[in-house]
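Engineer: Quick one: the structure is below, questions incoming.
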Amino acid sequence: MKRRSPSGPTMKISAHCSEINACNMAHSLAWILPLLWVLVLLPRGTHNFFPNFWSKVISFSWGSRTHQDITEEAILNVTLELLLDMPHPLGKTLKKEDFVGRTLVPDDLLRAYRGAKASPKPFRAALMEVVNANAAMDFLSSTRNNAALHFDSENIRTANQWLLLTRKEILQAARAENYEVARERLGCLLHSLQDFYSHSNWIEMGYRKAHPDLVTVGKDISSIADAQEHTCSDCSEWTCRDNILPSLNKRRRLTTGYYGSHPKKPLGKCSHGGYFDDSVKDSATGGINKDSKSEIFSPHHYLHAEAARIAKEASVKFLRELRIHLGDKHFLRLLGLGSGSGLSFVIDTTGSMGEEITAARLQTRSIIDQRRNTPEEPDFYILVPFHDPDFGPVYKTRNPDVFWDMLSNLTALGGGDEPEMSLSAIQLALLNTPPHSEIFVFTDASSKDAELANSVESLIQERKSKVSFLITEDPSRAPGRGRREVLSPHRFDLYASLAQKSGGEIIFTNNHDIREVSSIIQDSTNSGMITLFHVQKKEPGPRDWKTYNFHLDSLLERVKIHIHGDIDDFQIIGPTGKRQGRSMTTGPLGVIQNVGRFSKMSLKSPVHVGHWKVEILTQGIHTVHVQGESTLDFLHYFAVSVNGSHPGLFQLSSQPVTGTGLDTMLVVMATGLAPASPARLDLVTLAGPDGEVLDRLALQDTNQTGLYVAELGKVPSGAFSILVSGRDGENRPLLRSSPQVNTVVESTLEIISSTSLIPGSQHSALLRLTNYGTPADFTLKLNCEQACTVNSSHSRAHVGRNETVTGEISVLVSQDTEPGSTVLLTVQADSADAAQTTFAFLQLMVTESPKHIRTSPTTCSVISLEHNCSGLPSHCGHELWTVAARVWDTVGVQIASGRGTVSYSSEGSMGRAVYTADCCSPETDLVFTNQLGGTSLCRLGVAVPSPASSSVGDLPLPRWTLLTLLLIMFWRVLKA
């Protein structure tokens, strides 16, 4: 429920009592230290508070409700209703009264329904997708300034049309089992829906229920104030009461506040209000927003709690209706309440692979038989075959019997040259396998498409997936397959690198042992299995003993230790000093299975808590991998602070970014920690490729539900892994690690587009490449999965430090593309010195071709252009230009590039968009969306010299402005 500001970042400071004027002098003096602490906590380069969960930590606005609070609570309430209605998988009875009066936590709900050992990670991950998509509406350049997406400036009908369009996309995506797309659209829809209640006069009119016609098919929003009708009276106080005209509320005429000076507020209209809103200077002064409990930012702050309550009620109402339309099975999976895992195979089908295919069949049969109709049954079964010169197609199903038939019909045929299209197949598997899964690659050949290595690595980071290789070809053996030439002993190095960076394994075996070695598949595909320790040495060395240390804690079960490679012997040493060697298959610590050069040790239960060692005698390549089952794990993402009109913590797509002026945060979501649990997490460690400690950072608990934040500041250069540590209830160490290695870049890519495509029609999207490092030349590569073609206006670009270049992308999907399917658009930017590769991924929904609505691209024509731009760099920030454009068949407009603001109004099929910006930003790209979700681009500008700028992006809030705000607040407290 936070407000965006075009003139500077917003800040939230709330008093510890309901009204500042009610505070006494003792309370006033108590404000001094917290206000000073706010100054200390402000990140360098920004002087603002964050509008999401982090704002509560640094602004003391504990009483205000954010979009995140409302969205999470609504989803958890509807989830509880769903689980109460469904048969309990363990035969128990879930009782509603057990949750009355308790704060709903995802882990508690899942534990009550699926048992104490069920991993809440898929549920948490799905919830995080929705919440972050919701927050991104206030951060992305394509959505943050669009009045229609936030119910601003009386864009009520247009906003509701957009809600209906997005509702259709959610249903279509979920029914096609494209749940990631559905979650992203759901987050966007809930954001706009919630904004209605804090930005309109719905509550002031006396309503205490959700609007019955919002986002309801066949209903329109009626009784809206006329364009020339006065709606508010002047209000000169911070707190505005009764400033909405009584006649308006009496006649039940809806209005929403205008914000800033673009579009200019008509005389007598309401303002959004708050310290940063320039429109409050013009009549009617004051404002009506209910975004927070602070009178500094919300003139109707006294109605904030009611607005948040009804916004939550409206969110619950929509989710209940969504459940009815989707059915429980789809809705369950939309929320991530399945196992969340996929059984994914990439299999070489050349003539020598018969034993490997048989091994995959045996493991699949065992998994199907053991897990059918249990909580551990995979959500998806995926198979991608490859050979030379082909790969694919991808076979994906939820039906285990269908998957079994696919594998049974898979045969090893013919071949070709030794290199094969393995990376193309792995890439296809990554795109179709649920995140946080493990993909198993069976092959005896090296890669023929090594140029895809960077793309595959980036997908691994984005999908948080492991890739493990079972290689039935000894890398030290010179003659490859019988008919082939002598092969390089390093031909599998690329696989080893991918396995290491993904947290997977590369295991070399032979046709005789592959069936036994492949048993690791059953261990690794359990949703509760986590990586505890992983080291992979790719370079040979002198024959010697090496020691590796790891810790096992009280929350672990079924721990497995994998040791493989050029190893002559090994010893496992437990916390009490007991030893067990390779030859002792049954001993005091567990059971060891030796298959060729692969050894697997299953530790005895219960696990001995404490410090463990692995000592190995080796002179070459080797791997030590420790995994176990535990509900305690974590999800994470990187975020950067965003300045300007939408300050906050914005999630990066996958790669951590470093560069001038960037303060990067690490957000950690712990899973499996009950609220009453004495266990805690308190530290994050960044480790280099060889395990060296690069940095240690304190974790700050933000909401008592497992959400933590660590401020990284400047991200370490190169690659690093993330380890999170803490203490259990007996103050013994806890340690969890993220399997994937993170690769740092100095640039970001953003694809700006609607999420729907029409078969046979051209679709436009925008590309933004921002460089935070030294000036560099970039080569751009585009790829479109499925039956589509893609082109770009740029193939190369020179980007200076803190500069952004924008290009246009055109996408064409074939006429016979199935509606409901998704198209994955990938853009890759390689720096000329090969120092970095940056990626952007966007899944686009394919919708049905229209029958009665015309599909010609939306067109725009300039109505007027006004400016006072002098072309002087020192003046451009104080000079403005405004352009008005006429458009047809449009329901909304988004800013794809440019730092201005846009407003949109429509009458019938014709609309009018007005864009205003300062003269430092003399060009803009506007994306118009029609009733079907199709988009078209309108490029507008003013002919003045483009001034140099020290930075590209939103301007930070000057420190004097923050100090002024703090002084204002302190003065008002003293005055009380």
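These residue numbers are counts, starting from 1, taken along the chain as shown.
Here the Cβ of each residue, glycine as well, is placed from N, Cα and C on the backbone.
When I checked TrEMBL for this same protein, it listed these features:
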DOMAIN    106-332  domain 'VWA7 N-terminal'
DOMAIN    343-511  domain 'Hemicentin-1-like von Willebrand factor A'
DOMAIN    536-631  domain 'Hemicentin/VWA7 galactose-binding'
DOMAIN    633-741  domain 'VWA7 beta-sandwich'
DOMAIN    748-847  domain 'VWA7 Ig-like'
TRANSMEM  21-42  transmembrane segment
Engineer: Could you give me the DSSP helix, strand and coil counts for the domain 'VWA7 Ig-like' (748-847)?
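Structural biologist: Grouping H, G, I as helix and E, B as strand yields 0 helix, 66 strand, 34 coil.
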Engineer: According to DSSP, how is the domain 'Hemicentin/VWA7 galactose-binding' (536-631) divided among helix, strand and coil residues?
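Structural biologist: Secondary-structure composition of the domain 'Hemicentin/VWA7 galactose-binding' (536-631): 0 helix, 64 strand, 32 coil.
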Engineer: Which of 343-511, 536-631, 748-847 shares the most C-beta pairs under 8 angstroms with the domain 'VWA7 N-terminal' (106-332)?
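Structural biologist: Ranking 343-511, 536-631, 748-847 by Cβ pairs under 8 Å to the domain 'VWA7 N-terminal' (106-332) puts 748-847 first.
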Engineer: With DSSP as the reference, give the number of residues of the domain 'VWA7 beta-sandwich' (633-741) in helix, strand and coil.
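Structural biologist: Reading the DSSP string over the domain 'VWA7 beta-sandwich' (633-741) gives 0 helix, 60 strand, 49 coil.
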